[in-house]
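Asker: This is the structure I want to talk about, given as C-alpha cells.
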Amino acid sequence: MGGDCSSVPRNGTITVVGDANPATDIKATVELKDEPPAMKARRRKWMDSIKDQILSWNFSAFELEKTTEGSPLITVTIALLEVHDLLDGWKLDRGTVERFLRRVEAEYLDNPYHNAIHAADVTQTSAVILASLQKQLKDIPKLEMFSVIMAAAVHDLGHLGVNNDFLINSKHPRATTYNDKSVNESYHVSRAFELARTTPGCDVLALLSPGDQKQVRKLVVEAVMATDMAIHFDLLKTFNMQLASQPDLNQWTDRVLLYQMVVHLADIANPSRPFHLARAWAERVISEFCSQGDQEAAIGLPVTPFCNRDTINMPKAQQGFIDVFLRPTLASFMAVTPDFTAMATKHLDVTVANWKRLEEEGFTM
C-alpha cells in the first residue's frame, strides 16, 4: 500500500497545501504535524482499554470515537493488528503502520455515515467474522489476515457522502477518472495505495517481499471493490455456487472470493448489531441519504427515492435492506461462520421486531 509521513489524528491540525476543494476531492498535499508523545501514550491507554471487547458484538465505534478524541480507526486497527501478532516481530514496521493509519483516518470526511467511525466499525466487524471463520479453517495466514484488516480500514477512505450514481449523474471528476465504474470504491482503494506509496514514511508494505506485496495488493483491491452494492447479487451468487461445489473451505486454493465476502458482509452488517447500535447507524445513513437528495434537488437532478426526506420511512427502509441484502448474505455465511451468523441473526430478529413496532406506531424518521 512509500517514505517519513508526519501526521496527526483527525482532531489535530491539518494544513491543506495546493488547489483542491475538500468538498469534491482531497488529493491536495496535506501537511501533517508529528504526533506528540503524550498522544501516543493516550492511544496506548485506549488500545489497552478495548482489548477485552475487541471481538465483542456489543462493541461501539461511537463510544470509541468519543473516548479516543476522534481517532477510532487507528485505535481499533492497531489493537487488532496487535491481537493477531502482526506488529513487533512480523513483517511490518509499527511506526510506518501508525503513520499510514493516521494519514488514512485524516482523509475520512465528517459525513453522517461514511466516516472514520464507520470504517472502525467495519474493521472490527471483519475481525469478528474472521475469528468465527478461524474455527472452520485450519489456518488463516498472517498475510491474509493483515490484508482483510487493512481493506476494511481503507474501504471508504475519502468518501464524499454520496453514492456512485450521484457522482456519475453530476459528472463528478471522480466519475470521469474511473469511467463511471465503481467510482467510490475505485477511489478509496486507489487513494489508499497512493498514500502508502507516495507519502514519506507510510509504505506499510516496504518490508514485504515483492510476491507478498503483490498478494496483499490483490486482496485489498478485490475486497474493497467488492463493497460496491451494485455487484452484491452477482457476488453473492458466485459465493453460493462456490460453496455448493466445495463446502470445505480448507480445499479452496484461492480465497479471494471468501475475503471479498467477509469485508462485504462486515460493511452491511450493522443492522444486526444490538438494536441501540443498529438504530444509531440507521439514523446516520438516512441522514446522509437525505443530504444527497437535497444536493440532487439543488442541481436539478431527479431525487433518488430512498434519498427523499419528504417520503423516506426509516423503519420500512431498514426492513427492506435487511430482507433484500443482509439476511440472504447471513444465510450464505451459516455454512462458513455458524456461530457468528447465529448470533448476528438473533440480534437481527430483535431489530426487525423493533422496526416493525416503530412502523406501526407511525414513526418515519
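Glycine too: its Cβ is placed from the backbone N, Cα and C atoms.
It should be emphasised that the depicted structure is a prediction, and the values quoted were computed from it without experimental measurement.
The following feature annotations were taken from TrEMBL:
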type     : residues                                                       : note
DOMAIN   : 31-362                                                         : domain 'PDEase'
BINDING  : His114, Asn115, Ala116, Ile117, His118, Asp156, Asp267, Gln318 : AMP binding site
ACT_SITE : His114                                                         : active site, proton donor
BINDING  : His118, His155, Asp156, Asp267                                 : Zn(2+) 1 binding site
BINDING  : Asp156                                                         : Zn(2+) 2 binding site
Asker: What mean pLDDT does the predicted model reach across the domain 'PDEase' (31-362)?
Answerer: 95
Asker: Compute the centroid of the Cβ atoms of His118, His155, Asp156, Asp267, then list the same-chain residues not in that set whose Cβ lies within 8 Å of it, in sequence order, for the Zn(2+) 1 site.
Answerer: His114, Ala119, Val122, Ala152, His159, Thr227
Asker: Do me a favour and check the Cα-Cα span between His118 (AMP binding site) and His155 (Zn(2+) 1 binding site); whole Å is fine.
Answerer: 10
Asker: What residues, ordered by sequence, lie under 8 A Cβ-to-Cβ from Asp267 (AMP binding site) and sit at least six positions away in the same chain?
Answerer: Val122, Ala152, His155, Thr227
Asker: Among the binding-site residues listed here, His118, His155, whose Cβ has the fewest other Cβ atoms inside 10 Å?
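Answerer: Fewest other Cβ atoms within 10 Å, among the binding-site residues His118, His155, is found for His118.
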